[in-house]
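**Student:** Encoded as structure tokens, here's the structure I'll be asking about.
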Amino acid sequence: MKHIVIIATGGTIAGSGEFGKAAEYAAGRFSVEEILKSVPAIRSLASIQTIQLCNVDSNEMNQQRWIKLRDQIHEVAKDPQTDGIVVTHGTDTLEETAFFLNLTLHTDIPIVLTGSMRPATSASADGPMNLYQAVALAASDQAKGAGVLAVFSDTIYSGRDIRKTNSYKTDAFEIDHFGSLGYMRDDQVYFLNRSKRAHTLTSPFSDLKIEHFPKVNIAYWHCDGDEETLRALCQNAKGLVIAGSGSGNYSKVWQKTIHELAKDHLIVRASRVPKGIVFDSAFFDPDHDTISAFTFPAHKARILLMLAMMKTGDKEKIQNWFETL
């Protein structure tokens, strides 16, 4: 029997509210051991070990908790008895944690994130099945070397591409037009695709010793956006990500200000549009002041830029990572 370690961080899957209701609840109230009581069949899939890393709403996840989680995963993965790891996590920021781990973990054992949209006390809570399938996926030989994964509502997602696209439905995640990696039926795993992008052991950031991150902020473009916003966000920051309209677009006022700020900051052009690719733009960035985010939304572009800045300040090299990772 495989040995799976569940590292719990809190979230809605550990949430508590009025019995039967899915709204108005507090995340991170139940321990991982209490959650497991609702999934007795899970121990038929693997021998289970649990670690309660923290118990918070995922909006309280931060860089220091990312580092702590990464270190904990590396420590657990060193044990030759560990066959796979499941991380329970709140859904609001799960995609950021998954992306960070996908780029920085130095292991090829299965790492699977999951959570829930309904608290443990609601009617038809989705957490038990998601956790059951996450353990089944982590115990599958097919998941080894596949990078950081996530499983929700019978679907297997890549940590690179997963995005939360619905604020309340149980089927809350998508991967846009790139497609999921596969699906699950109960405890059966069916992979249809594999990520061709560098991750985990092949990522250029898997060898990083991370103690803190360079400061990078996000500026959201909207009509009448003023230059003071950009200047304020660049104060005490090393980098900036622009969530532009369309394919990373913004006004001439912002173009001029970004041209000035790019002399001392690394600036990435991303898009507030949920689908598409941000390429180099001769019209909106005629002086090539920015790095194009390619397929990454602003919040993931921020993570990649922070990691890249720990390695280099070379804009061309960073641009290559955005296009190839």
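All residue numbers here begin at 1 and follow the chain in the order shown.
Each Cβ is built from the backbone N, Cα and C atoms, and glycine gets one as well.
A TrEMBL annotation is a machine prediction, not a hand-curated record.
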**Student:** Check TrEMBL for me: it has THR91, ASP92 binding substrate, so pick out which one of SER47, SER58, SER124 it puts in that same site.
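**Tutor:** Only hit among SER47, SER58, SER124 in TrEMBL's substrate site, alongside THR91, ASP92: SER58.
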**Student:** Output the one of THR12, SER58, THR91 that, of all these recorded positions, has the highest number of other Cβ atoms within 10 Å of its Cβ.
**Tutor:** THR12
**Student:** Please state how far apart, in Å and to a whole number, the two most distant Cα atoms are among SER58, THR91, ASP92, the recorded substrate-binding residues.
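**Tutor:** Pairwise Cα check on SER58, THR91, ASP92 gives a maximum of 7 Å.
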**Student:** Cβ-Cβ under 8 Å from ASP92 (substrate binding site), same chain, 6 or more residues apart: which ones?
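**Tutor:** Expected: ASP57, SER58, ASN59, LYS164.
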**Student:** Determine, from DSSP, whether THR91 (substrate binding site) sits in helix, strand or coil.
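**Tutor:** For THR91 (substrate binding site) - judged by DSSP and reduced to three states - the answer is coil.
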